[in-house]
Amino acid sequence: MLKLWKWYQNSLAVHPVKTQVISSAIIWGVGDIAAQTITYSTAKNKHQIQDKDKELKINWKRVATTSLFGFGFVGPVGHFWYEGLDRFIKLQLLMQPKSFRFVATKVALDGVIFGPLDLLVFFTYMGFTTGKSVPQIKEDVKRDFLPALILEGGIWPLLQVANFRYIPVRYQLLYVNFFCLVDSCFLSWIEQQQDAPWKQWLKSFLPLKDQKGQGG
């Protein structure tokens, strides 16, 4: 494990973008395998699986699709986002690194910009890769985006406080990606819930105009 870590550090120093892209692809692929396993176990416990489907069969096409999301979006965009965010706050806002204001500003910008963008791209991308039409994808995003954003909004800021306070910038995406192993399972569970009552309850807090827009 130590040799693997040293190899990763060397690769990151020589080829930072390429290393982030490849590691993101691997981690997101593993995360989807875990997500499928948890989804299968949940469905089995609820007796939603027929006898012929008793054995877990990993959908490798979905694993490849999710891995490609890590490769094509999370890796490159995440790399430049965390590097750029750090430079912007230090050089443009002139904040002292590791200070309370520095960390709080990073967490706020990450939560307002990158978090929602990541969710929006994820749900849209997964919809297209499963062959859904644009209207179907819009309905899925309306159904899943807000509940996911609210629930993740209570967890990710805490994780990012530790990330921005203690983790060097070059390792911040790796830190995020490992927690995305859990996040991948969570997003899969969100999608599986479809029109669950608790989603309707969360959406009830939207302004009336927005609710009418989502209904039509």
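Each residue, glycine too, has its Cβ placed from N, Cα and C.
TrEMBL labels come from automatic prediction, so no person has curated them.
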Which stretch, out of 145-167, 168-190, is listed as transmembrane segment by TrEMBL? 145-167
Same-chain residues at least 6 beyond the ends of the transmembrane segment (102-125) with a Cβ under 8 Å from one of its Cβ atoms are 69, 73-74, 78, 81, 85-86, 89-90, 93, 95-96, 137, 140-141, 144-145, 148-149, 152-153, 156-157, 160-161, 164-165, 187, 191
